[in-house]
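Record features (Swiss-Prot):
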| type | residues | note |
| --- | --- | --- |
| BINDING | His2 | Ni(2+) binding site |
| BINDING | Cys73, Cys76, Cys89, Cys92 | Zn(2+) binding site |
Amino acid sequence: MHEMSLCEGIRGIVEDQARRHGFAAVKVLRLEIGRFAGVEKAALGFAFDVVMRGSAAEGARLEILDLPGRALCYDCGEEAVIEDRFDPCPLCGGGRLMPVGGDEMRIKDMEVQ
């Protein structure tokens, strides 16, 4: 379950930001997770609750914002949203695509007090 180690990284970022900006608690933490990031959201939610115990984010609500997969089509030169890495271009039907988005995971923002 790599979601546990992802949450440990999030905890480190939260603690660093709490020291830098002087907040005591995180009420809401919003994560953007790309379609191809390979993150199991249910496991991430469970790990988040466990790993955040004793930190500024203990008891925080985790909101996950889904980001679409995106690819550049070498046939038509356009960027398009794709559901699967192996889908053809939805604009021209071409099959020569390079994924350019959808594998990211980042903290979008936090509501703190």
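Heads up, the Cβ atoms here are built off N, Cα and C, so glycines get one too.
On the structure: features taken from Swiss-Prot.
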residue	record	Cβ contacts under 8 Å, 6 or more apart
His2	Ni(2+) binding site	none
Cys73	Zn(2+) binding site	Glu79, Ala80, Cys89, Leu91, Cys92, Gly94, Arg96, Leu97
Cys76	Zn(2+) binding site	Cys89, Leu91, Cys92, Gly94
CB neighbours within 10 A of Cys89 (Zn(2+) binding site), counting all protein chains shown, number 20
Note the Cβ centroid of Cys73, Cys76, Cys89, Cys92, the recorded Zn(2+) site, then list each other residue of that chain whose Cβ lies within 8 Å of it, in sequence. Tyr74, Asp75, Gly77, Glu78, Ala80, Pro88, Pro90, Leu91, Gly93, Gly94, Leu97
In terms of DSSP three-state secondary structure, what is the assignment for Cys73 (Zn(2+) binding site)? strand
For Cys89 (Zn(2+) binding site), what is the secondary structure by DSSP, using just helix, strand and coil? coil
